[in-house]
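Novice: So Swiss-Prot lists the following for this protein:
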COMPBIAS  262-274  compositional bias 'Low complexity'
COMPBIAS  284-313  compositional bias 'Polar residues'
MOD_RES   2  N-acetylserine
REGION    161-180  region 'Laminin-binding'
REGION    205-229  region 'Laminin-binding'
REGION    242-313  region 'Laminin-binding'
REGION    262-313  region 'Disordered'
């Protein structure tokens, strides 16, 4: 389908994106019209989609979209939540008309109602979920393009792009790839440079998950402010008198100096109380009143150490 042109060949980075998003993973059931898009079947019963045929059908769908002169005549519909954000992003990038949410029956056939439209091309996310617009498109001869899984019915589908249309990552990546190829074929962006729009913008996000992330971010910001307010408070300023010279500003009081007599070693020895060896004191000295005056002169001691006799022999 790419005409053996190197420019239109699938790059390695595109294959890695397909594998990371799980685009090659089909369902456990297989429709007979989707049999030639299946590469093999895994041991757990999941069918593997041939990514080469996915890329070829993606280029064919992009050529069909580019062939419409007025981009507003291209109608993009997704009744499932996983594809509504991707559909809005695709319509914003390519200028198509979108119907996200519930499709009002009679939009393509009932000319009386205010929401009547006559598109020249119809794109849907899931042929099973979007069966009503496909049926009405068949009544008014509108060509249709659909993202089809292995178990999707191909009734009223003109161009089927085989891929995983159940996962929100796969659906977002397929709409991102289709929008990029449309812009490249129109000449809006160059093939030599990567597109500055990330595929993450096309992914569906649960509103509860967004609320939890916002709540966690708010709690983190409040905790950070409290922490900074507790530890980064400005220090208290104390007014100190300015003194030019410390020796002049501080008054030094005069203290009289007392003279003390030097104590000799003999007087210190005489003032010490006698100590008896072998005697144990069990009373508390601090509770007993002092009975002896230590400041008085010591009593005269006997000078006779040898007894009554002086005979040492």
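Placed from the backbone N, Cα and C atoms, the Cβ positions cover glycine too.
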Novice: In the same chain, who gets a Cβ under 8 Å from the region 'Laminin-binding' (161-180) while lying at least 6 residues past its ends?
Specialist: 14, 17-18, 20-27, 34, 37, 49-50, 53-54, 57-58, 61-62, 65, 82-83, 85-87, 89-90, 93-94, 125-126, 145-150, 152, 189, 195, 197, 199-204
Novice: So what pLDDT does the region 'Laminin-binding' (205-229) average out to?
Specialist: 74
